[in-house]
Every structure is written in C-alpha cells, then in structure tokens.
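Take a look at the structure below.
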C-alpha cells in the first residue's frame, strides 16, 4: 500500500509545511498573450517544502519572455499550492494559488506579489513541456529535488479585458447600459428631471431636447443607478452628483422596460409605514434606518439591508448574510 512504512524503515525527520525556498529570476513581460477562462482542474492545491534551497543559477531561457522559479521538494508527492484551468488543455494556466502555500510566498524582489500568480502560464517543468493542465500538475507533484518551473507572465491588460467582458455581459442581463456625457464645466446642466413620486430611486421624468441627457439617449422611465460607478439612491442625491460631476461622466442606466415603478412604490410605502409605527429596524451593516431602496440579500434568506451597504458588501466579496450566514450562490459550483 502506498505510503505504508516497511519493516525496519526509519521515520523521516519532520519537515515544515511551508518555507521560502523558491527563487524568482530575470522577470520579463511578454509582448502579447491570450487569456484563458474556465474551470480549474484538480491540480496542485497544497504546498510543502524542505528548508533546503535549490542549486544552480535559475536563469530564464535566453531571449524568452518568461521567468524561472525554483522549488526544492525533498520527496515526490509534495504539492506547492496551485490549481490549473481546464478550458485550454494545451496551455496549462494557473487559476488559483492557495494562501500560505509555497506558491503564495513573496517574490525575492521585496514586492507583495506571490511567486506564482493567477493567469501565469506554465511553459516547462525541469525542461519538459507539459501537454495538458493535468500533465503539468502531475509533473510538479511527482518531481523530486530541485524543480525548475518556467512561467509566462500575463500582463494586467488581459485581466482587465476579461473583467470588461464580464461586466458587459452582466449589464446585458440586468438590462442596464453605460452612457458617457461630457460636462465642460461643473455648472453645465445635464437636462434631466427625476420623478417626484419616488424618494428612493432616481427615475427619469423628463429630458430636455438637445441636452446632454438627450445625447445620452435617456428617456422618461429610465432609472439612473450610478454616476461614475457610485451608487445613486434618491433623486436629490442623483441631481447633486450630476451637478458636481465634470468632464467625462459615466451614467449607468436601466432601461424603462426593466424598471418596475409599481414595485419601487410598494417598497417605499412599506418603508414609510415601518418608520411611522416605529418598527423600522436599522440596517445590520451600517446600523442606520435605511432611507434608500431596500435590497434583499441574494442568498434568498429574505433578509433586507440598505442598498448602499449591500452593494459595498458584495464588492468586498462578502457572500454570507450578516444575520443568518446564508451564502450567496456561486457562479461556478465546481471548485478544486
């Protein structure tokens, strides 16, 4: 049986779980690379090393836009703490790095960046090119002694491009869009008026012809939800933010066909009734009576918080409801 100790075999001395016996040399940025998206394969997800260091100079291949890192593994089977993408089998690409693992150690140049980062592409392991993500994971896991991993770093522009694509797809699902208007001066009028019937949502009531709002294709019934990526609550707040904005102003707008004004009015009536009889509970995050639109936590637990705190919590990656700890459903169920 694998891992069973034979008779007369001496126990190996205890080895620390992680250490910093990895070196990074000759960093270079590639001129171009393609981005990979997809689910991770069951790659290396646990790191452990010996306190010994590798020998050799660890230099990158001459003329190649890559970096070489060296890991010392006292025996086969030790993992370094990475998982690989599955979508592009011919190009093994790092999807996640386990915090606290060898791959997450800081670089030798003193920066906070880890030795191996997300989107790094594995070109070779001890001079051998892996054919697939599973092959790369097995080669790293089965290697022993000094393991030299040649990586291709992906510049941040590819990460930003992927984020923009996801944002555009998300806006399409919500029925929202971003319009850019140019205000030469802060005092310039945008040319839009908001409905007085709603206090917690900025719904367009009228648009002045040949104005900035008209150029941005705003129509009555549209809802303004953000100005320069800052959430908009009441019509008064929206007007003030538009008044202070200057230069290129990004307006996030939900088209009128996706705006349920009856539901917004019903939400406001419930809020007013709760405030009138003193039963309004403060938001569990900001401890203030919610004045903006009530938002249900996306886990389906029926707990509500003020819109500003809900959006901020989701932006910070908080997935569990602050009251019942129910988690927001993940986009991808399978994880390494």
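A Cβ is built for glycine as well, from the same backbone N, Cα and C atoms used for every other residue.
For 1-14, the entry in TrEMBL reads compositional bias 'Basic and acidic residues'.
What TrEMBL records for 1-62 is region 'Disordered'.
Here TrEMBL flags 68-155 (among others) as domain 'PDZ'.
Annotated domain 'PDZ' per TrEMBL: 177-257 (among others), in sequence order.
The annotation domain 'RING-type' is assigned in TrEMBL to 283-325. Here the domain 'RING-type' (283-325) has a mean pLDDT of 72 out of 100.
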Open item on the list: Can you see whether the domain 'PDZ' (177-257) and the domain 'RING-type' (283-325) are touching - at least 3 CB pairs under 8 angstroms, only pairs 6 or more apart in sequence?
Closed with: yes
